[in-house]
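Read through the structure below, which is laid out as structure tokens, and then see the notes.
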Amino acid sequence: MECLYFSASRCRSCTQMTLPYARQLQAKVEDCQHQLSGFGSLKFLPAQASNEQGFRNKAKMVISGTTEEPTIGILDADGHGVDLRNCGVIAPALRSLLPVIERFIKELKLIPYNVPKRKGELKHVILTMSDTGAVMVRWVLRTKKHFVALRDSLPQFLEQLPHHSVVSVNFLPEHKAVLEGEEEIILTRRSTLEFGLNGVPMHLRPQGFFQTNTEIAAALYRQARQWIDDVNPESVWDLYSGVGGFALHCAGEDRTVYGIETSTEAVAAAKTSADSLGLPDAHFVAQDATEFALNAGWAPDAVIVNPPRRGISAELSKWLNESDIQHVIYSSCNAKSLARDLERLGNYTPQVARVMDMFPQTDHYEVIVKLERNAA
Ligand SMILES: C[S@@+](CC[C@H](N)C(=O)[O-])C[C@H]1O[C@@H](n2cnc3c(N)ncnc32)[C@H](O)[C@@H]1O
């Protein structure tokens, strides 16, 4: 992929950009096969390729520069703004909203935060676009100074956004290298961004997690659903369930599903989806996954885990390994922690794996593995 920002060394986030896409994908499969080489039983399905451009449904833009000439992009090593508004991996429809952001910064006289001087107000703008075309726009401010201006201009701002969009303001008062703070005020009546993946409605709230590549997320959920349907369990747990993607895809008339997730916002969003689908046997609980499993007092027929990069806890691995659960599906964005966890799950045989290219132009990828309990 051609990128002028990369050629000019203005941005180096897409570390694999100089490799043709087919070779990037091949390198990911080879890396995954290498990381999981200790499991001779494992067969690899053909990797799921992504669009190599415009695949990101989320843009996390740092605002810098001045009110009259803001930069929308990243910071350089000295903390100065680098404008990346034409970044090619961001979905084009999302990119087309960045001039609107710029216009509102100028019209409302919002003062970009200056990191080296620790002065100013507007730190970031985080945009997410659903497959329906609606967007979520989150203004991240240092203080409440610009809050009233943003709230009062909401009708004019919404006129520039697609229908059913969500707008919020987040406050990050500390001088910290993080994207957002804890306090969030939703300005629109609508509080969730609605997605429709494989016909399954999913809702995202401002602080919830959603996979960044909608097309690959949909393929990932289809793959898990197919493996679950193949063995047709009566009960499934989706541990680290986020807004419920795996659980909602695997739920059915004769199947009970539980989604377990620490974020109460994500759990609320998953419950909204289950209600709209009319799924009385889909339950979502806000709890630590390990704590839930160890204290449930019962075990399902199948478990899906999709943890953060660190993988699952040693306690959860041990509990799964010693349970009588027949099937485990493990979806991971870090093959190293996955290999460690599969090692701990020695009573299971990893059977099939598939690399899902969630993050083209980087060396990151998602991999989903199906495991079956060894015969006693
Ligand atoms: C990689 S995301 C996966 C989300 C979801 N499965 C999906 O497809 O969007 C990991 C999720 O684990 C949640 N999480 C982190 N630590 C957790 C824990 N100890 N117990 C349960 N959920 C946790 C995060 O909030 C996040 O939503």
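Cβ atoms here come from the backbone N, Cα and C positions, even for glycine.
Noted in TrEMBL for the protein shown:
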- Gln211, Tyr240, Glu261, Asn306: S-adenosyl-L-methionine binding site (BINDING)
- Cys333: active site, nucleophile (ACT_SITE)
- Cys333: active site (ACT_SITE)
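Known features from TrEMBL, placed on the structure.
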| residue | record | Cβ contacts under 8 Å, 6 or more apart |
| --- | --- | --- |
| Gln211 | S-adenosyl-L-methionine binding site | Ala217, Leu220, Gly245, Met358 |
| Tyr240 | S-adenosyl-L-methionine binding site | Ile260, Glu261, Ala289, Val305, Asn306, Pro307, Pro308 |
| Cys333 | active site, nucleophile | Pro308, Arg309, Met358, His364, Tyr365, Glu366 |
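Excluding Gln211, Tyr240, Glu261, Asn306, which define the S-adenosyl-L-methionine site, the same chain contributes Phe209, Asp238, Ser241, Gly242, Gly245, Phe246, Pro307, Ser331 within 8 Å (Cβ to the Cβ centroid), listed in sequence order. When the binding-site residues Glu261, Asn306 are compared by the number of other C-beta atoms lying within 10 angstroms of their own C-beta, Asn306 comes out lowest. DSSP assigns the residue listed as 'active site, nucleophile' to coil in the three-state reduction, outside any helix or strand.
Put simply, the two farthest-apart Cα atoms among Gln211, Tyr240, Glu261, Asn306, the recorded binders of S-adenosyl-L-methionine, are 15 Å from each other.
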